[in-house]
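The block underneath contains the structure these notes are about, expressed in structure tokens.
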Amino acid sequence: MNLKEKTRALFAEIFGYPATHTIQAPGRVNLIGEHTDYNDGFVLPCAIDYQTVISCAPRDDRTVRVIAADYDNQLDEFSLDAPIVTHDSQQWSNYVRGVVKHLQQRNNAFGGVDMVISGNVPQGAGLSSSASLEVAVGTVFQQLYHLPLDGAQIALNGQEAENQFVGCNCGIMDQLISALGKKDHALLIDCRTLGAKAVSMPKGVAVVIINSNFKRTLVGSEYNTRREQCETGARFFQQPALRDVSLEAFNAVASELDPVVAKRVRHVLSENARTVEAASALEKGDLQRMGQLMAESHASMRDDFEITVPQIDTLVDIVKATIGDQGGVRMTGGGFGGCVVALIPEDLVPAVQQAVAQQYEAKTGIKETFYVCKPSQGAGQC
């Protein structure tokens, strides 16, 4: 049973009538452009074929009822006429409530909804299960009530909900790629203007995601520290964001900056340049150049931004040794664990999977999880 069939069957069973719509929104992997989004820079993610699926129907009153199929069919019920506040015990509910609360502030022309939610985006792996949920919920209301909101607005609404209601400080990339993703393409996103350019992926190339299964612990506190260091760097250059600082300007005065801040700034500036170049390398089908840029990105995250861990570096080394210059591999996501992403010819996937299976656990004591993904379509009816 796929997610659509599962949620539709559950909807009929629990609510006693059939769902009218089924909506999906995908997770994502970022191919290159790490910690650039909150510096108003560029990112190059693609949506993946793991998603949140919601079967739903409009109600003729002001009640929202939500079933979380992946959490033992837990129910959340709230009214659109009362102030929407956080749920005491069900964290998943807060993503739904936050999206609805912020939608009300954007466009209040909607009524109640019944929905059943299920997803297969791995949680805690840095593949944006939360953004996928936020965009799916926003799309449900937009589709059921024909709200005049485009994908970028649904994405922004999800980001606001996560920042202000859930209380997690995220950039805009995850929601934007979930809303706007395009099949067989990556998206070069300008995080300042929210402009997005579809970049075709070379034929016969697999997007491989390998979860290190190293439990991320530092991610919240260290993420916020990195943001502060970047803001300090932007202030030093008297610019609104590091996006506005050139590598030349930085190199001329790098020695005057706090040495740690200087390393953080150098990562962001060089990563922005790499990301823009990577988009044109992908478009040309130049997997070799893409691989070099991914390697430089990983080294920069390891040495300048200092967000990798030995387990992640080990995974990258194993993959790199197997593929040589046929493609690329790097850590992806916020850091301190999580996943690596590799772009490799499809015929090399078995060799990579075998090498990782033979070496990673032997070296780290942790068993990896291996995903082969396709660049997929963004949110909509399914």
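Glycine is no exception: its Cβ is also placed from the backbone N, Cα and C atoms.
The Cβ of R28 (site 'Transition state stabilizer') lies under 8 Å from the Cβ of P45, C46, A47, I48, L127, S128, A131, S132, M173, D174, I177, S178, G181, each on the same chain and at least six residues away in sequence. Secondary structure at R28 (site 'Transition state stabilizer'), taken from DSSP and collapsed to helix, strand or coil, is strand. Marked as site 'Transition state stabilizer' by Swiss-Prot: R28.
The annotation substrate binding site is assigned in Swiss-Prot to E34, H35, T36, D37, Y223 on the grounds of sequence analysis. Every protein chain considered, the tally of other Cβ atoms within 10 Å of the Cβ of H35 (substrate binding site) stands at 25. In the three-state DSSP classification, H35 (substrate binding site) falls within coil.
What Swiss-Prot lists as ATP binding site is G124, A125, G126, L127, S128, S129, S130. Spatially close to S129 (ATP binding site) yet at least six residues away along the chain are G27, T52, G119, V121, P122, Q123, judged by Cβ distances under 8 angstroms.
Neighbour count (other Cβ atoms within 10 Å of the Cβ, all protein chains): 24 for S130 (ATP binding site). Look at Swiss-Prot and you will find S130, E162 tagged as Mg(2+) binding site, backed by sequence analysis.
The Cβ of D174 (active site, proton acceptor) has 29 other Cβ atoms within 10 Å, all protein chains considered. Swiss-Prot lists D174 with the feature active site, proton acceptor, giving sequence analysis as the kind of evidence.
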Q: Report the same-chain neighbours of E162 (Mg(2+) binding site): residues 6+ apart in sequence with Cβ closer than 8 Å to its Cβ, ordered by sequence.
A: Y95, G98, S130, A131, E134, C168, C170, Q175
Q | Shell list (ATP; ref centroid = CB of G124, A125, G126, L127, S128, S129, S130; cutoff 8 A) | A | G27, V121, P122, Q123, G333
Q: Starting from the Cβ centroid of E34, H35, T36, D37, Y223, which together make up the recorded substrate site, report each further residue of the same chain whose Cβ lies within 8 Å of that point, ordered by sequence.
A: G33, Y38, N39, V43, G171, R226, V268, E271, G334
Q) Taking Cα atoms as reference points, which of the binding-site residues E34, T36, D37, Y223 is nearest to G124 (ATP binding site)? A) Y223
